[in-house]
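Participant: Below: one structure in structure tokens.
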Amino acid sequence: MATTTAECLTQETMDYHALNAMLNLYDSAGRIQFDKDRQAVDAFIATHVRPNSVTFSSQQQRLNWLVNEGYYDESVLNRYSRDFVITLFTHAHTSGFRFQTFLGAWKFYTSYTLKTFDGKRYLEDFADRVTMVALTLAQGDETLALQLTDEMLSGRFQPATPTFLNCGKQQRGELVSCFLLRIEDNMESIGRAVNSALQLSKRGGGVAFLLSNLREAGAPIKRIENQSSGVIPVMKMLEDAFSYANQLGARQGAGAVYLHAHHPDILRFLDTKRENADEKIRIKTLSLGVVIPDITFHLAKENAQMALFSPYDVERVYGKPFADVAISQHYDELVADERIRKKYLNARDFFQRLAEIQFESGYPYIMYEDTVNRANPIAGRINMSNLCSEILQVNSASEYDENLDYTRTGHDISCNLGSLNIAHTMDSPDFARTVETAVRGLTAVSDMSHIRSVPSIEAGNAASHAIGLGQMNLHGYLAREGIAYGSPEALDFTNLYFYAITWHALRTSMLLARERGETFAGFKQSRYASGEYFSQYLQGNWQPKTAKVGELFTRSGITLPTREMWAQLRDDVMRYGIYNQNLQAVPPTGSISYINHATSSIHPIVAKVEIRKEGKTGRVYYPAPFMTNENLALYQDAYEIGAEKIIDTYAEATRHVDQGLSLTLFFPDTATTRDINKAQIYAWRKGIKTLYYIRLRQMALEGTEIEGCVSCAL
């Protein structure tokens, strides 16, 4: 009888990959076959997941076995009574969760769930994974564990990959895997950087390095002229380190390097990404970022020469590293100072070269240095970003002795990320609780992270308690509500949604500081402590400009913060402080978007039915969230929508986000380097902080996979 049933199942159920592929084929009426993808989910669960899952007679037996066999971390479970743990697992399994798309289910079972050590059988379903994440992050707090479970199962909150993947496992990686480190202009710092690249890449980390402080090619060493090799050999060493330490062969290490636009090596730096670059200088796997101050744009407008300053001389004359000097502010005096060597380059030629390289490779990322620092409420200077260009935090230099031991441990940066699904968050029965739970969950990631192999990362995290609460599914939500991406209603909603998120996130951080009697280091020197930060919200009219958006917030039962609420929050923050130095950052969200059935981040879809290359599996198809055959007109893709509307949307969010947002620009295949330059200038004028990749329509044919940091993009 069992054989007959199996035969019937095979006959009735098409191969789940074939069913999923039918998303890419219209039916006889010319309609997209959304039902085939739902059938693919059912077939995948029935014919692959269930037959390959280990079953237990009870949850108690399951937990005992997983602990005894070394799968679950017993210390996580021991913070609670076993009765509570079993009750929470039972609660999770009665939530009614089901995957909305085949790609979501496929991603979860191939990349996230706990498997037997031979990799052949599944030990968790989605509810199990969520429960273990909640138990880990709540650290013994039963109320928080229940709230985290509900927020994740409802699809409102989704921790980033390293957290969601590793929580509760006995054999696990770090809960965070995105790092930013400075390199100073000495061999000890360079040596430490290569070691840090190895250590962090071994742990699956994506690491960005600041190169701006390194002396240029031809600079003196010990006063002997023309001795320095510049930044390119350091880039080569870092690239080799990432290639070597590739997480047990599972994934190539991921690295990025940032260089200031006024560094003398800037053109050589950019040329490393040319398709026809000499192999001696070509950089194949490192991501590149350029830090551009306001003065560069002003010089380009005037068609003037831009000076490139020797970091060696600037540090010698100013007594501080090049990256810590505000170039726009000191530009004229740097030009006039004869003690500082300089080269000259036409500013428009620089932007032309920048666009040419982006046209060829999609790189470099851009950080608008002065925009970032004007918006920064924390004392100190921001001089770099990360592998996905959304982390923007202050850092400080470390010093080493000749043994590479620290004589002064500076502060480097790690990113503790997770995202809210905008559509489900707007549907939340308690918007305030959703945001508070997410902030508390991410704060737990910071509190639990100890990267001892790189002491400056450990010190920076301990001092800042920084987190990055992100957002996803903006396009999906707007389309569900009948709003076109980039329309006046869409911009109005984006502004007010992030406005509301900001108030609730800050309030939660204030509550954490009050509960713990502790703020982030440097709070007293911040614009939060002085109350200055809140001025923007105590002025102006922060209410809906369109009737449609007013209706959305009313229907969701969300009270937009009033001036009185902001004034009270300001007073509370000035009295108690805030616990987290940084609260928001919007990453690109790759795999977690698919699991959550969300559009990525806050940018538009790249296709109505996205085609993903999934390793040996080949092509997998993903339909945009909330899309039906009746509302297709609301699902213009990013190439059709164009750069300006994307920039306008990000500008509305940027005014509220204390860190950055991963902003990819999409261009049709008819675009020129002039179009790219115009978009860069428009983004600068609109107050955008960073630009991520440049994508041209023909590049999408190669596949839509994101090469970047697993913490952010996947």
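Including glycine, each Cβ sits where the backbone N, Cα and C put it.
What Swiss-Prot records for this protein is below:
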type: ACT_SITE; residues: ASN386; note: active site, proton acceptor
type: ACT_SITE; residues: CYS388; note: active site, cysteine radical intermediate
type: ACT_SITE; residues: GLU390; note: active site, proton acceptor
type: BINDING; residues: THR161, SER177, CYS178, GLY206, ASN386, LEU387, CYS388, SER389, GLU390, PRO588, THR589, GLY590, SER591, ILE592; note: substrate binding site
type: DISULFID; residues: CYS178-CYS415; note: disulfide bond
type: SITE; residues: CYS178; note: site 'Important for hydrogen atom transfer'
type: SITE; residues: ASP185; note: site 'Allosteric effector binding'
type: SITE; residues: ARG215; note: site 'Allosteric effector binding'
type: SITE; residues: CYS415; note: site 'Important for hydrogen atom transfer'
type: SITE; residues: TYR692; note: site 'Important for electron transfer'
type: SITE; residues: TYR693; note: site 'Important for electron transfer'
type: SITE; residues: CYS709; note: site 'Interacts with thioredoxin/glutaredoxin'
type: SITE; residues: CYS712; note: site 'Interacts with thioredoxin/glutaredoxin'
Participant: Distance check, please: Cα of ASP185 (site 'Allosteric effector binding') against Cα of TYR693 (site 'Important for electron transfer'), rounded to an integer number of angstrom.
Facilitator: 29
Participant: Taking only the recorded positions THR161, CYS178, ARG215, SER591, TYR692, which one has a CA atom nearest to the CA atom of GLU390 (active site, proton acceptor)?
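Facilitator: Going through THR161, CYS178, ARG215, SER591, TYR692 one by one, the closest to GLU390 (active site, proton acceptor) is TYR692.
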Participant: Determine, using Cα-Cα distances only, which of these binding-site residues is closest to TYR692 (site 'Important for electron transfer'): THR161, CYS178, THR589, SER591.
Facilitator: THR589
Participant: Near CYS388 (active site, cysteine radical intermediate), which of the recorded positions ARG215, CYS415, SER591, TYR693 can be found within 10 Å, Cα to Cα?
Facilitator: TYR693
Participant: Here's one to test understanding: among the recorded positions ARG215, ASN386, CYS415, TYR693, whose C-alpha is closest in space to the C-alpha of CYS178 (substrate binding site)?
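Facilitator: Considering only the listed recorded positions, the nearest one is CYS415.
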Participant: Count, for each of the recorded positions ASP185, GLU390, the other C-beta atoms lying within 10 angstroms of its own C-beta, and report the residue with the smallest count.
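Facilitator: Looking at the recorded positions ASP185, GLU390, the Cβ with the fewest others within 10 Å is that of ASP185.
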Participant: Taking TYR692, TYR693 as the recorded sites to compare, which has the smallest set of other Cβ atoms within 10 Å?
Facilitator: TYR693
Participant: Tell me, which recorded positions from THR161, ASN386, THR589, SER591 are within 10 Å of CYS415 (disulfide bond) if we use the C-alpha atoms?
Facilitator: ASN386
Participant: Which one of the recorded positions (CYS178, CYS388, CYS415) has its C-beta surrounded by the most other C-beta atoms within 10 angstroms?
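Facilitator: Top count of Cβ atoms within 10 Å goes to CYS388.
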Participant: From the Cα of ARG215 (site 'Allosteric effector binding') across to the Cα of THR161 (substrate binding site), what is the distance in angstrom?
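Facilitator: Each residue's Cα considered, THR161 (substrate binding site) and ARG215 (site 'Allosteric effector binding') end up 37 Å apart.
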Participant: Could you give the Cα-Cα distance between SER591 (substrate binding site) and TYR693 (site 'Important for electron transfer'), in whole Å?
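Facilitator: Between the alpha carbons of SER591 (substrate binding site) and TYR693 (site 'Important for electron transfer') there are 18 Å.
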Participant: Tally every other Cβ atom lying within 10 Å of the Cβ atom of ARG215 (site 'Allosteric effector binding').
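Facilitator: Its Cβ has 25 other Cβ atoms within 10 Å.
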Participant: Looking at substrate and its recorded binding residues THR161, SER177, CYS178, GLY206, ASN386, LEU387, CYS388, SER389, GLU390, PRO588, THR589, GLY590, SER591, ILE592, figure out the farthest C-alpha pair and report it in angstrom, whole number.
Facilitator: 19
Participant: Measure from the CA atom of ASN386 (active site, proton acceptor) to the CA atom of THR589 (substrate binding site) and give the result in Å, rounded to a whole number.
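Facilitator: Answer for this pair: 14 Å between alpha carbons.
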Participant: For the recorded positions listed here, ASN386, SER591, which shows the highest count of neighbouring CB atoms within 10 A?
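Facilitator: Of the recorded positions ASN386, SER591, the highest Cβ count within 10 Å belongs to ASN386.
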Participant: Counting other Cβ atoms within 10 Å, pick out the least crowded of the binding-site residues THR161, THR589.
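Facilitator: The binding-site residues THR161, THR589 were compared, and THR161 has the fewest Cβ atoms within 10 Å.
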